[in-house]
Protein chains: 4
Amino acid sequence: MNKVVLAYSGGLDTSVIVPWLRENYGCEVVAFVADVGQGAEELEGVEAKAKASGASECHIVDLKDEFAANYIYPSLKTGAVYEQSYLLGTAMARPVIAKAQVELARKVNADALAHGCTGKGNDQIRFESCYAALAPDLTVIAPWREWDLSSRESLLDYLAERNIPCSASLKKIYSRDANAWHISHEGGELEDPWCEPSDEVWTLTCAPEQAPDRPEYVKVGIEQGAVVRVNGEALSPLQCLAQLNALGAKHGIGRVDIVENRLVGMKSRGCYETPGGTIMMHALRGIDELVLDKMTRSWKTQLSEQFAQLLYDGRWFTPNQASVLAAAESLSHVATGEVVIKLYKGNVTVTQKCSPYSLYSEAFATFGADNVYDQKHAAGFIRLYSLSSRIRALKQTDNV
Amino acid sequence: MNKVVLAYSGGLDTSVIVPWLRENYGCEVVAFVADVGQGAEELEGVEAKAKASGASECHIVDLKDEFAANYIYPSLKTGAVYEQSYLLGTAMARPVIAKAQVELARKVNADALAHGCTGKGNDQIRFESCYAALAPDLTVIAPWREWDLSSRESLLDYLAERNIPCSASLKKIYSRDANAWHISHEGGELEDPWCEPSDEVWTLTCAPEQAPDRPEYVKVGIEQGAVVRVNGEALSPLQCLAQLNALGAKHGIGRVDIVENRLVGMKSRGCYETPGGTIMMHALRGIDELVLDKMTRSWKTQLSEQFAQLLYDGRWFTPNQASVLAAAESLSHVATGEVVIKLYKGNVTVTQKCSPYSLYSEAFATFGADNVYDQKHAAGFIRLYSLSSRIRALKQTDNV
Amino acid sequence: MNKVVLAYSGGLDTSVIVPWLRENYGCEVVAFVADVGQGAEELEGVEAKAKASGASECHIVDLKDEFAANYIYPSLKTGAVYEQSYLLGTAMARPVIAKAQVELARKVNADALAHGCTGKGNDQIRFESCYAALAPDLTVIAPWREWDLSSRESLLDYLAERNIPCSASLKKIYSRDANAWHISHEGGELEDPWCEPSDEVWTLTCAPEQAPDRPEYVKVGIEQGAVVRVNGEALSPLQCLAQLNALGAKHGIGRVDIVENRLVGMKSRGCYETPGGTIMMHALRGIDELVLDKMTRSWKTQLSEQFAQLLYDGRWFTPNQASVLAAAESLSHVATGEVVIKLYKGNVTVTQKCSPYSLYSEAFATFGADNVYDQKHAAGFIRLYSLSSRIRALKQTDNV
Amino acid sequence: MNKVVLAYSGGLDTSVIVPWLRENYGCEVVAFVADVGQGAEELEGVEAKAKASGASECHIVDLKDEFAANYIYPSLKTGAVYEQSYLLGTAMARPVIAKAQVELARKVNADALAHGCTGKGNDQIRFESCYAALAPDLTVIAPWREWDLSSRESLLDYLAERNIPCSASLKKIYSRDANAWHISHEGGELEDPWCEPSDEVWTLTCAPEQAPDRPEYVKVGIEQGAVVRVNGEALSPLQCLAQLNALGAKHGIGRVDIVENRLVGMKSRGCYETPGGTIMMHALRGIDELVLDKMTRSWKTQLSEQFAQLLYDGRWFTPNQASVLAAAESLSHVATGEVVIKLYKGNVTVTQKCSPYSLYSEAFATFGADNVYDQKHAAGFIRLYSLSSRIRALKQTDNV
């Protein structure tokens, strides 16, 4: 091993990994910092930190727009939600990061990739599945699965012994992962499902109880399955997300608290905040209600479940993903329209929606005469629709 | 036709149907009133009304407990939700009503069944599909698909001409259907999806804005997929529902406003209030989170979609329904536990949950050493899990 | 009604429909004959026959290549098979015919479309669903659902009374439908599922017992899910089909005898001969075996079932179809290779297969050391793969 | 480790494993031989062999009837077929073996389980997933993943050094696994998918070319999804299988040659012979054709795929399996009837079928008038069935 590119965050774990890699693999370590919208404070001084830890180079790559446009927005078109609640924020960020990490590895002629994920989580699988698809020739190093350091204290000691400065504290209650789409929280009291999350858990959104006492309405414009306007203003995907994040956070939107199944076979308790994403999901469903017929909508339910599973499980760069996405994109050709959403103390309510491709027609649905529907047709429909039940019942009577 | 049993509500439509059947089919009309929890006021004086309209008999049958225990509770075990939002309240009531109607028809030796559903809706299909399965030998009469009366005014005139008293007014904005599980609303301004429902639409639940300013917690006890206790008190299914309906209504829980696909091929806009049912769904999902492993939970997603479609579409008395339900009941063997739910201004939040069959283990999920999980195992898992991606990538490189 | 375009075959039914339409609708009748490969003898003299029946014009349109390239080949990519056996030959032909019929209607300024399908079959639904999607403004006339003629004899009498010549005989045992892909047979002794089809049923393929005593091998070349070469010769879709039909017919390939569920709610017994299509299906599956990974192949199983249902049910021109097809086409990007197939007395056996995108590797699959697979990895894989079972079992023990 | 129960076959691998376990784990080795119908010759002298290798005890357990009744027959009810071809013979045997092995371990107070599966195959996962579910407290030893012996030669040397007699030869071309249901073949020329299997591969069935020149008919009686009679004779599951195996083998039935996806992420080429099972599958499908309505049959397709995946993947003792099986068993309540099958040179053709629960009715399906179907009903059915297409088309025209 000559040179390894490490997905570096500046946190305690990756701060230890830099010297550990140098000592254990005798290789040069290039720090790779992906900016996926985790926030300015997390990026502040990260290059200096990386170099202080012993990294030969530190590359900060702004992936925010690519993340929003090529990962979040396509996923939204599929309607993917994991286990009925989780909007897949961490899962969506992994492929964009892994891809950029591999690109950097090629550029700097590295022969290995490393990450700081633990051996009990999903992220190791997500990263390494992407590596396998994009760079099967590069060696993968996952220090957490190799070393004997097993506590925060031992990591801090490791740095202290080497005089590497670190601002990390001994106690850190929650483990969090933030990006442009969401923030996740694990640890602390959350480890007991019989324990309600305390206020300290939540960092992005206001509590519903603290949210404004008056509802606010936002108008979301959608073109072919993509949110393109917020309150009439045309914006990039990332900008739309930022605006809706701010609005959602203010009104206590998008908090989720679940016990989920990790791909590694165990369950974990996680809290998530996805304010803007929650609003986007509701807006897109509002359009789906108008433009998808019954069978097509049921089909989309299958797509959503398929995509949620493969996204959660780190199978982004696979033919399976491409196929499910192609199906969803085909459906989104008519997903165009406007949706008005009411935000109030944690509630997201679609109150108005319209689409040029709407299949809804007041004339058809209501009482009056119209040219497409004759109520007498229903008699024939029902007769044939229930024919197998009728035949079954008649035959059973005959059998007796 | 000698005798027809009519599913009678006492409303304007069925009040007209009684004389219309006698005049057009020359038959005796037996009124059948199903009490599925629509409320005392709807049943008040209904027998007198039926007889005043010309019915020879009127049978009021209390189906509330059967509805809750044998239709609502089994459906809940499947997790069925139609088009991501609708909790299927009207659809669940149709089979229990149709079955009791057929039983009455057998008892009184009727040769026909009639209902007051219009020719544009789902309910005609649901009723008649049940009739086809349970009584294929009985004739079905659906006056709305036969007669020329096409306005509220013409119905009132019809009664006036025959001196049949009727308290119905000329104007009725909304069409509603209530039972122990929910109430639905259609019509009026709802016919325009670009129109927010007015306060007049909602009749059961308080608006989130009007709900108490302080959250309330409720503890729900679940045995094998059935809600059996509310705040520690053992109750029947119907009683659980009543208690949770009251709590949910108070806190603005369970309002839904959607454009849905009817089985007859058109879309309609409906508002629903299902306060207690919404709380039950969340409670059951809370237990599912604890007791179902990843693949099993994904499988249940398929069951839920299947059951939602067949329930909405009136296929209750079919082998398909029995099969999906058998699969769901198998899963619910371990769906036992306690869930604490916070109710606050429209929000339903599961805050605490536990189960003797929980697969969650703090010891497994967290950092420390344990006896079932060695982080080094993950390396092997990932390697095999991503092996096809690796092979694909390696082979593609070879191809180039 | 001024002018109606009739899907005309020259058989007894449509021969009657021409004068019946003129008499009952007072309209001009334009005969439309679709050549989808049903055979020269069926087309011979068809124009003269149409005019003798009273048609003002007769248009014979060659749709064979379009049928093969744009309907059969895309369907093949999805792997669609209806109820495990039926290769959907009649169903695939309906949309290409209906589309051309609508185009002719536009060209001749017709205001109605007619077909000769009976009221008990699937084809009426398939034709009219296509009409609904492509020409919702045109009136549809289905004489079989309107007239009182209900026997072959009455149809012949109808023509005789009008001195319209007709070569049809009074007795016709089987009802058949042929095109470039297949021929179907219904009626006669087939109406009793406890009756083996007689030799007279089959018209296209040789009986396995009569097929050559020596096997024959054919090499099929596939590019992106399309059969493009037969025994090394590059051919059009229609030509490939013709060659493989001849080979398959000679060796008794592709006979199917099933009781199937029609969309109208009843069952029917049908025999099908699809010699070339059966070979193509096996060839494509051979490539799928090489190029699709496990999860992707299971996903394709879902696509196949979806497409089979929607194709059988006449939903070709729908967004649902486009979406499923997009998913299948995405998968077929790597469906390229060569397959050798052995044909012997009804047996189709893939004996050799290769693909540049094959994920199979002798080196990986077998015993020796290799660079992608370390057997020790399996220990970790299994540990995590079965972790939820282990946890469940451990927890249950604790519970006791 | 004091005592380990080894799944012992008497072949080369497990002959080495006995002394290897004793030497490397210092434990007593109890040989467990499962008789799942692999044939008398494989069991002959197996106890003496085990003891000669150093086993302290050897238990031969006859699992044949349990295998047929509780594993094969339930799986048949689900219609499971893996990747369109493989009838899952090896996969079905693993859980019955593992369960009996665990039971023996409990009886002899063992603290570990061992098997001779290699680290590249599915069987290690299947065995160990069962162990995890049934005996999470027992240690699992998989020598193939631990030792350095990597060739047949080194295994023979290992035995020779210890003077353990062994009749195994140095060259063994094919790896085979036989039981009452099937035999599988891997290795040799099969490792090249561009190579047709030679005659030496097949051991159970006659080649179609060598099969009798005259077809033979067999009548199969089915009760609730179980084959219970062959040619009129009531037999146990195992006896039915034996009879149909003999018939199928004679007529060249049930050969399959595929490249399949192993759960460990790689592909392998396998040949399978399942003569009786293939006949049973066809017989059961024949009944399904008669008794399942359209939607139910499509639902069963999903069950089949689910069960095939979980059975192949070793998830027999899971709630997911129980749930899918419950759904399939519900459907099989009406799977009763008689099927006549023609066997001829590799072809299995259902020629006659009947069931008291048949939904097929000649009267309904054919031309004449009947009491359940009025052709005019079809007009209404089609109108509503295609309504969303019509509305879409009309709206699109309006948009233009």
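Just so it is clear, glycine is given a Cβ too, placed from its N, Cα and C backbone atoms.
Record check: TrEMBL places B:TYR86, B:ASN122, B:ARG126, B:SER175, B:SER184, B:TYR272 at the L-citrulline site, and the matching candidate among B:GLU161, B:GLU200, B:GLU260 is B:GLU260. Cross-referencing B:ALA34, B:ALA132, B:ALA133, B:ALA135 against the ATP binding annotation in TrEMBL, which names B:ALA7, B:TYR8, B:SER9, B:GLY10, B:GLY11, B:LEU12, B:ASP13, B:THR14, B:SER15, B:GLY116, picks out B:ALA34. Within 8 Å of the Cβ centroid of the L-aspartate site, not counting the listed residues B:THR118, B:ASN122, B:ASP123, the chain contributes B:CYS117, B:LYS120, B:GLY121, B:GLN124, B:ILE125, B:ARG126, B:ARG262.
Long-range neighbours of B:ASP13 (ATP binding site) (same chain, six or more residues apart, CB within less than 8 Å of its CB): B:GLY116, B:TRP144, B:LEU155. Ranking the binding-site residues B:TYR86, B:ASN122, B:SER175, B:SER184 by the distance of their Cα atoms from the Cα of B:GLY11 (ATP binding site) places B:SER175 first. Counting in whole angstrom, B:SER175 (L-citrulline binding site) lies 12 from B:THR118 (L-aspartate binding site) by their C-alpha atoms. Cβ neighbour density within 10 Å is lowest for B:TYR86 among the binding-site residues B:TYR86, B:TYR272.
In terms of local Cβ density within 10 Å, B:SER15 ranks first among the binding-site residues B:SER15, B:ASN122, B:SER175, B:SER184. Filtering of the binding-site residues B:TYR86, B:GLY116, B:ASP123, B:ARG126, B:SER175, B:GLU260 by Cβ separation from chain D (threshold: under 8 Å) yields no residue. Residue pair B:ASN122 (L-citrulline binding site) / B:SER15 (ATP binding site) shows a Cα separation of 21 Å.
DSSP classifies B:ASP13 (ATP binding site) as helix under the three-state reduction. Between the binding-site residues B:GLY11, B:GLY116, B:GLY116 has the most other Cβ atoms inside 10 Å of its own Cβ, all protein chains included. In the three-state DSSP classification, B:ASP123 (L-aspartate binding site) falls within a helix. Sequence-distant neighbours of B:ASP123 (L-aspartate binding site) (same chain, 6+ apart, CB under 8 A from its CB) are B:THR90, B:ARG94, B:HIS115, B:CYS117.
When the alpha carbons of B:THR118 (L-aspartate binding site) and B:ARG126 (L-citrulline binding site) are compared, the span between them is 12 angstrom.
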